[in-house]
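Let me give you the structure first, and then I'll get to my questions.
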Amino acid sequence: MSSTLSDVFRSHPIHIPLSNPPDFKSLPDSYTWTPKDDLLFSASASDETLPLIDLSDIHVATLVGHACTTWGAFQITNHGVPSRLLDDIEFLTGSLFRLPVQRKLKAARSENGVSGYGVARIASFFNKKMWSEGFTVIGSPLHDFRKLWPSHHLKYCEIIEEYEEHMQKLAAKLMWFALGSLGVEEKDIQWAGPNSDFQGTQAVIQLNHYPKCPEPDRAMGLAAHTDSTLMTILYQNNTAGLQVFRDDVGWVTAPPVPGSLVVNVGDLLHILTNGIFPSVLHRARVNHVRSRFSMAYLWGPPSDIMISPLPKLVDPLQSPLYPSLTWKQYLATKATHFNQSLSIIRN
(Lines of atoms letter the chains of each structure in order from A and count residues from 1; the text may use other names and numbers.)
(Lines give C-alpha, C1' and ligand atoms only; values in the text may rest on other atoms or scores of the structure.)
Protein backbone atom coordinates (compact mmCIF):
# COMPACT_ATOMS: atom_id res chain seq x y z
CA MET A 1 0.00 0.00 0.00
CA SER A 2 1.45 3.35 -1.00
CA SER A 3 2.01 6.06 1.57
CA THR A 4 0.23 9.37 1.42
CA LEU A 5 2.37 12.45 1.78
CA SER A 6 0.89 13.02 5.24
CA ASP A 7 2.03 9.52 6.24
CA VAL A 8 5.52 10.25 4.95
CA PHE A 9 5.93 13.42 7.01
CA ARG A 10 4.19 11.91 10.03
CA SER A 11 6.66 9.01 10.07
CA HIS A 12 9.49 11.52 10.46
CA PRO A 13 8.11 14.07 12.90
CA ILE A 14 10.02 17.25 13.64
CA HIS A 15 8.07 18.87 16.43
CA ILE A 16 8.88 22.33 17.73
CA PRO A 17 6.56 23.52 20.49
CA LEU A 18 4.86 26.81 19.74
CA SER A 19 6.07 29.54 22.04
CA ASN A 20 4.40 32.86 22.63
CA PRO A 21 4.85 35.15 19.61
CA PRO A 22 7.64 37.69 20.09
CA ASP A 23 6.98 41.27 21.04
CA PHE A 24 7.00 42.73 17.55
CA LYS A 25 8.27 46.08 18.86
CA SER A 26 11.59 44.74 20.11
CA LEU A 27 14.00 41.95 19.20
CA PRO A 28 14.42 39.39 22.00
CA ASP A 29 17.77 37.67 22.38
CA SER A 30 16.17 34.37 21.37
CA TYR A 31 15.49 35.92 17.94
CA THR A 32 18.89 37.61 17.52
CA TRP A 33 21.15 35.84 15.00
CA THR A 34 24.93 35.99 14.51
CA PRO A 35 27.32 33.98 12.30
CA LYS A 36 27.67 31.58 15.26
CA ASP A 37 24.05 30.58 14.71
CA ASP A 38 24.37 30.23 10.93
CA LEU A 39 27.75 30.32 9.19
CA LEU A 40 26.24 32.02 6.14
CA PHE A 41 24.26 34.59 8.14
CA SER A 42 26.61 37.46 7.27
CA ALA A 43 27.86 36.17 3.91
CA SER A 44 28.21 38.89 1.30
CA ALA A 45 25.22 40.06 -0.71
CA SER A 46 25.29 40.57 -4.46
CA ASP A 47 23.61 42.89 -6.94
CA GLU A 48 23.21 39.97 -9.35
CA THR A 49 19.64 39.05 -10.27
CA LEU A 50 17.95 35.73 -10.87
CA PRO A 51 17.11 34.87 -14.47
CA LEU A 52 13.64 36.14 -15.41
CA ILE A 53 12.06 33.84 -17.99
CA ASP A 54 8.99 34.48 -20.11
CA LEU A 55 7.35 31.07 -20.52
CA SER A 56 5.96 32.15 -23.89
CA ASP A 57 9.50 32.54 -25.27
CA ILE A 58 10.17 30.11 -28.14
CA HIS A 59 13.48 29.17 -26.49
CA VAL A 60 11.88 28.53 -23.10
CA ALA A 61 13.27 25.00 -22.61
CA THR A 62 16.82 26.19 -23.23
CA LEU A 63 16.34 29.17 -20.90
CA VAL A 64 14.87 27.05 -18.11
CA GLY A 65 17.58 24.42 -18.49
CA HIS A 66 20.34 27.02 -18.37
CA ALA A 67 18.84 28.66 -15.28
CA CYS A 68 18.51 25.29 -13.54
CA THR A 69 22.12 24.43 -14.34
CA THR A 70 23.75 27.75 -13.43
CA TRP A 71 21.50 29.00 -10.64
CA GLY A 72 19.12 26.29 -9.48
CA ALA A 73 16.48 29.04 -9.37
CA PHE A 74 14.72 31.52 -11.64
CA GLN A 75 11.64 33.72 -11.93
CA ILE A 76 8.88 33.23 -14.48
CA THR A 77 6.24 35.38 -16.17
CA ASN A 78 3.42 34.40 -18.55
CA HIS A 79 3.07 31.21 -16.54
CA GLY A 80 -0.66 30.77 -17.06
CA VAL A 81 -1.73 31.07 -13.42
CA PRO A 82 -4.54 33.66 -13.37
CA SER A 83 -3.66 36.90 -11.60
CA ARG A 84 -7.06 36.69 -9.93
CA LEU A 85 -6.01 33.38 -8.34
CA LEU A 86 -2.71 34.85 -7.13
CA ASP A 87 -4.68 37.70 -5.56
CA ASP A 88 -7.00 35.15 -3.93
CA ILE A 89 -4.20 33.07 -2.41
CA GLU A 90 -2.50 36.22 -1.12
CA PHE A 91 -5.79 37.42 0.37
CA LEU A 92 -6.30 34.02 2.04
CA THR A 93 -2.78 34.08 3.47
CA GLY A 94 -3.16 37.61 4.81
CA SER A 95 -6.56 36.80 6.29
CA LEU A 96 -5.19 33.74 8.04
CA PHE A 97 -2.20 35.38 9.66
CA ARG A 98 -4.17 38.47 10.70
CA LEU A 99 -6.45 36.30 12.82
CA PRO A 100 -6.01 36.60 16.61
CA VAL A 101 -3.29 34.32 17.96
CA GLN A 102 -5.76 32.25 19.97
CA ARG A 103 -7.81 31.59 16.83
CA LYS A 104 -4.74 30.48 14.89
CA LEU A 105 -3.76 28.18 17.73
CA LYS A 106 -7.05 26.32 17.30
CA ALA A 107 -5.51 24.92 14.12
CA ALA A 108 -2.00 24.41 15.55
CA ARG A 109 -0.02 21.51 14.16
CA SER A 110 -0.18 18.60 16.60
CA GLU A 111 2.94 16.92 17.95
CA ASN A 112 2.77 14.13 15.36
CA GLY A 113 0.82 16.17 12.83
CA VAL A 114 1.75 17.68 9.52
CA SER A 115 -0.88 20.22 8.54
CA GLY A 116 -1.79 23.35 10.42
CA TYR A 117 -0.35 26.41 12.10
CA GLY A 118 3.18 26.43 13.49
CA VAL A 119 6.82 27.27 13.01
CA ALA A 120 9.03 25.96 10.21
CA ARG A 121 10.07 22.30 10.36
CA ILE A 122 13.71 23.39 9.98
CA ALA A 123 13.55 25.38 13.23
CA SER A 124 14.75 22.37 15.25
CA PHE A 125 18.16 22.57 13.56
CA PHE A 126 18.92 26.07 14.84
CA ASN A 127 19.44 27.52 18.31
CA LYS A 128 17.76 30.82 17.50
CA LYS A 129 14.12 31.39 16.63
CA MET A 130 12.94 32.66 13.28
CA TRP A 131 10.92 35.83 12.77
CA SER A 132 8.03 34.12 11.02
CA GLU A 133 4.94 31.98 11.36
CA GLY A 134 3.60 29.41 8.94
CA PHE A 135 0.65 27.28 7.96
CA THR A 136 1.05 23.94 6.19
CA VAL A 137 -1.57 22.39 3.93
CA ILE A 138 -1.36 18.75 2.82
CA GLY A 139 -4.49 17.39 1.21
CA SER A 140 -7.77 19.03 2.09
CA PRO A 141 -7.55 22.00 4.50
CA LEU A 142 -11.23 21.61 5.45
CA HIS A 143 -10.59 20.30 8.97
CA ASP A 144 -8.20 23.13 9.87
CA PHE A 145 -9.97 25.92 7.99
CA ARG A 146 -13.25 25.11 9.75
CA LYS A 147 -11.52 25.95 13.04
CA LEU A 148 -10.21 29.25 11.69
CA TRP A 149 -13.30 30.43 9.80
CA PRO A 150 -16.37 28.58 11.12
CA SER A 151 -18.79 30.36 8.79
CA HIS A 152 -16.91 30.84 5.51
CA HIS A 153 -14.18 28.21 5.34
CA LEU A 154 -15.50 26.63 2.14
CA LYS A 155 -14.52 29.55 -0.09
CA TYR A 156 -10.97 29.37 1.27
CA CYS A 157 -10.86 25.62 0.65
CA GLU A 158 -11.90 26.27 -2.95
CA ILE A 159 -9.03 28.74 -3.38
CA ILE A 160 -6.52 26.15 -2.13
CA GLU A 161 -7.97 23.48 -4.41
CA GLU A 162 -7.81 25.71 -7.49
CA TYR A 163 -4.31 26.92 -6.60
CA GLU A 164 -3.06 23.35 -6.25
CA GLU A 165 -4.57 22.39 -9.59
CA HIS A 166 -2.84 25.22 -11.44
CA MET A 167 0.47 24.70 -9.63
CA GLN A 168 0.55 20.97 -10.40
CA LYS A 169 0.09 21.62 -14.11
CA LEU A 170 2.72 24.36 -14.06
CA ALA A 171 5.20 22.17 -12.17
CA ALA A 172 4.79 19.38 -14.72
CA LYS A 173 5.35 21.84 -17.58
CA LEU A 174 8.48 23.27 -15.94
CA MET A 175 9.78 19.77 -15.22
CA TRP A 176 9.63 18.84 -18.90
CA PHE A 177 11.19 22.14 -19.97
CA ALA A 178 14.08 21.55 -17.57
CA LEU A 179 14.63 17.86 -18.31
CA GLY A 180 13.99 18.31 -22.02
CA SER A 181 16.93 20.71 -22.16
CA LEU A 182 19.11 17.76 -21.08
CA GLY A 183 17.70 15.43 -23.73
CA VAL A 184 15.42 13.55 -21.33
CA GLU A 185 12.30 12.17 -23.01
CA GLU A 186 8.91 11.13 -21.69
CA LYS A 187 9.80 7.44 -21.99
CA ASP A 188 12.72 8.00 -19.59
CA ILE A 189 10.43 8.70 -16.62
CA GLN A 190 7.83 5.97 -16.21
CA TRP A 191 6.32 7.47 -13.08
CA ALA A 192 5.29 10.57 -15.02
CA GLY A 193 2.16 8.55 -15.85
CA PRO A 194 0.52 7.38 -19.08
CA ASN A 195 -0.03 10.98 -20.22
CA SER A 196 3.38 12.16 -18.96
CA ASP A 197 1.60 14.81 -16.90
CA PHE A 198 2.90 13.72 -13.47
CA GLN A 199 -0.66 13.26 -12.16
CA GLY A 200 0.52 10.90 -9.42
CA THR A 201 2.81 13.46 -7.83
CA GLN A 202 2.19 14.95 -4.40
CA ALA A 203 2.67 18.38 -2.93
CA VAL A 204 2.60 20.59 0.14
CA ILE A 205 1.37 24.18 0.22
CA GLN A 206 3.26 26.27 2.75
CA LEU A 207 1.89 29.71 3.66
CA ASN A 208 4.39 32.03 5.38
CA HIS A 209 4.17 35.33 7.22
CA TYR A 210 7.21 37.45 8.04
CA PRO A 211 6.11 40.33 10.31
CA LYS A 212 7.95 43.63 10.09
CA CYS A 213 10.91 43.56 12.43
CA PRO A 214 12.48 46.32 14.56
CA GLU A 215 16.03 45.10 13.85
CA PRO A 216 15.91 43.16 10.57
CA ASP A 217 19.70 42.99 10.14
CA ARG A 218 19.95 40.90 13.31
CA ALA A 219 16.91 38.69 12.67
CA MET A 220 16.14 35.81 10.32
CA GLY A 221 12.78 35.08 8.73
CA LEU A 222 13.62 31.59 7.53
CA ALA A 223 17.15 30.21 7.85
CA ALA A 224 19.21 28.90 4.94
CA HIS A 225 18.08 25.52 3.65
CA THR A 226 17.45 23.46 0.55
CA ASP A 227 14.06 21.96 -0.25
CA SER A 228 13.42 18.20 -0.05
CA THR A 229 11.41 18.40 -3.27
CA LEU A 230 11.67 18.01 -6.99
CA MET A 231 10.79 21.65 -7.44
CA THR A 232 9.32 24.52 -5.43
CA ILE A 233 7.18 27.29 -6.92
CA LEU A 234 6.78 30.38 -4.78
CA TYR A 235 4.53 33.40 -5.02
CA GLN A 236 5.55 36.38 -2.89
CA ASN A 237 3.67 39.60 -2.31
CA ASN A 238 5.25 42.91 -3.30
CA THR A 239 7.86 42.81 -0.55
CA ALA A 240 11.41 41.50 -1.06
CA GLY A 241 12.88 38.93 1.30
CA LEU A 242 13.73 35.73 -0.55
CA GLN A 243 17.44 35.24 -1.19
CA VAL A 244 19.31 32.43 -2.94
CA PHE A 245 22.98 31.59 -2.43
CA ARG A 246 25.57 31.02 -5.12
CA ASP A 247 29.13 30.21 -4.12
CA ASP A 248 30.73 32.68 -6.51
CA VAL A 249 28.57 35.72 -5.69
CA GLY A 250 26.96 35.20 -2.26
CA TRP A 251 23.34 35.99 -1.42
CA VAL A 252 21.13 37.20 -4.27
CA THR A 253 17.73 38.75 -3.60
CA ALA A 254 14.77 37.68 -5.74
CA PRO A 255 12.92 40.96 -6.36
CA PRO A 256 9.12 40.83 -6.31
CA VAL A 257 8.27 41.23 -10.00
CA PRO A 258 4.49 41.80 -10.24
CA GLY A 259 2.67 38.64 -11.29
CA SER A 260 5.83 36.54 -11.39
CA LEU A 261 6.63 33.30 -9.61
CA VAL A 262 9.97 32.08 -8.26
CA VAL A 263 11.04 28.51 -9.04
CA ASN A 264 13.83 26.60 -7.35
CA VAL A 265 15.35 23.18 -7.85
CA GLY A 266 14.92 20.79 -4.93
CA ASP A 267 17.11 17.98 -3.62
CA LEU A 268 15.23 15.25 -5.52
CA LEU A 269 15.62 16.96 -8.91
CA HIS A 270 19.32 17.35 -8.10
CA ILE A 271 19.45 13.58 -7.55
CA LEU A 272 17.37 12.82 -10.65
CA THR A 273 19.75 14.85 -12.84
CA ASN A 274 22.82 13.24 -11.26
CA GLY A 275 23.89 16.58 -9.81
CA ILE A 276 23.56 18.62 -13.01
CA PHE A 277 20.91 20.89 -11.49
CA PRO A 278 22.04 22.26 -8.09
CA SER A 279 19.55 22.25 -5.24
CA VAL A 280 19.85 25.88 -4.28
CA LEU A 281 20.36 27.12 -0.74
CA HIS A 282 17.85 29.86 0.05
CA ARG A 283 16.51 31.86 2.97
CA ALA A 284 14.06 34.64 3.84
CA ARG A 285 15.12 37.95 5.39
CA VAL A 286 12.81 40.45 7.06
CA ASN A 287 12.45 44.24 7.05
CA HIS A 288 11.26 46.98 9.41
CA VAL A 289 8.77 48.64 7.06
CA ARG A 290 6.15 46.05 6.16
CA SER A 291 5.09 42.46 6.64
CA ARG A 292 5.76 39.94 3.90
CA PHE A 293 3.69 36.96 2.80
CA SER A 294 4.81 34.08 0.63
CA MET A 295 3.02 31.00 -0.64
CA ALA A 296 5.18 27.99 -1.56
CA TYR A 297 4.10 24.97 -3.59
CA LEU A 298 6.48 22.16 -2.63
CA TRP A 299 6.23 19.53 -5.35
CA GLY A 300 7.53 15.99 -5.15
CA PRO A 301 7.13 12.53 -6.70
CA PRO A 302 4.74 9.80 -5.60
CA SER A 303 6.06 9.02 -2.13
CA ASP A 304 6.94 5.36 -2.78
CA ILE A 305 8.55 5.79 -6.21
CA MET A 306 12.28 5.14 -6.36
CA ILE A 307 14.17 8.27 -7.40
CA SER A 308 17.64 7.81 -8.84
CA PRO A 309 19.89 9.52 -11.39
CA LEU A 310 18.46 9.06 -14.88
CA PRO A 311 20.72 6.63 -16.79
CA LYS A 312 20.80 9.04 -19.74
CA LEU A 313 22.49 11.62 -17.49
CA VAL A 314 25.13 9.30 -16.02
CA ASP A 315 28.54 8.91 -17.68
CA PRO A 316 28.73 5.23 -18.74
CA LEU A 317 32.28 5.07 -17.40
CA GLN A 318 31.26 6.27 -13.94
CA SER A 319 28.82 5.31 -11.22
CA PRO A 320 25.75 7.45 -10.47
CA LEU A 321 26.43 10.12 -7.86
CA TYR A 322 23.43 9.03 -5.78
CA PRO A 323 21.67 5.77 -4.90
CA SER A 324 18.02 4.98 -5.58
CA LEU A 325 15.68 6.03 -2.78
CA THR A 326 12.10 7.09 -2.18
CA TRP A 327 10.96 10.52 -1.06
CA LYS A 328 10.03 8.87 2.23
CA GLN A 329 13.56 7.51 2.68
CA TYR A 330 15.11 10.83 1.78
CA LEU A 331 12.95 12.71 4.28
CA ALA A 332 14.19 10.34 6.99
CA THR A 333 17.75 11.37 6.14
CA LYS A 334 16.80 15.06 5.97
CA ALA A 335 15.10 14.86 9.37
CA THR A 336 18.45 13.85 10.86
CA HIS A 337 21.13 15.45 8.71
CA PHE A 338 19.32 18.53 7.36
CA ASN A 339 21.52 20.45 4.88
CA GLN A 340 24.18 17.72 4.87
CA SER A 341 21.75 15.11 3.54
CA LEU A 342 22.89 15.11 -0.09
CA SER A 343 26.51 14.71 1.02
CA ILE A 344 25.55 11.89 3.39
CA ILE A 345 23.81 9.78 0.74
CA ARG A 346 26.22 10.51 -2.11
CA ASN A 347 27.93 7.39 -3.52
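All positions are counted from 1 along the displayed chain.
Just so you know, glycine gets a Cβ as well, placed from its N, Cα and C.
Reproduced below are the annotations present in Swiss-Prot:
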type	residues	note
DOMAIN	197-301	domain 'Fe2OG dioxygenase'
BINDING	HIS225, ASP227, HIS282	Fe cation binding site
BINDING	ARG292	2-oxoglutarate binding site
ACT_SITE	ARG292	active site
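Provide an account of the burial state, proximal residues and distances for the features listed.
For the domain 'Fe2OG dioxygenase' (197-301), the predicted model reports an average pLDDT of 96.
Here ASP227 (Fe cation binding site) comes close to ASN264, GLY266, ASP267, SER279, LEU298: these same-chain residues lie at least six apart in sequence, with C-beta atoms under 8 angstroms from its C-beta. In the three-state DSSP reading, ASP227 (Fe cation binding site) counts as coil.
According to DSSP, ARG292 (2-oxoglutarate binding site) sits within a strand segment. Of all the Cβ atoms in the protein chains shown, 24 others lie within 10 Å of the Cβ of ARG292 (2-oxoglutarate binding site).
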Give me the Cα-Cα distance between ARG292 (2-oxoglutarate binding site) and HIS225 (Fe cation binding site), rounded to a whole Å.
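With distance taken Cα to Cα, HIS225 (Fe cation binding site) is 19 Å from ARG292 (2-oxoglutarate binding site).
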Neighbourhood of the Fe cation site (HIS225, ASP227, HIS282): other residues with Cβ within 8 Å of the Cβ centroid, in order?
ALA224, THR226, THR232, ASN264, GLY266, SER279, VAL280, LEU281, ARG283
Check the binding-site residues HIS225, HIS282 for other C-beta atoms within 10 angstroms of each C-beta and report the one with the most.
HIS282
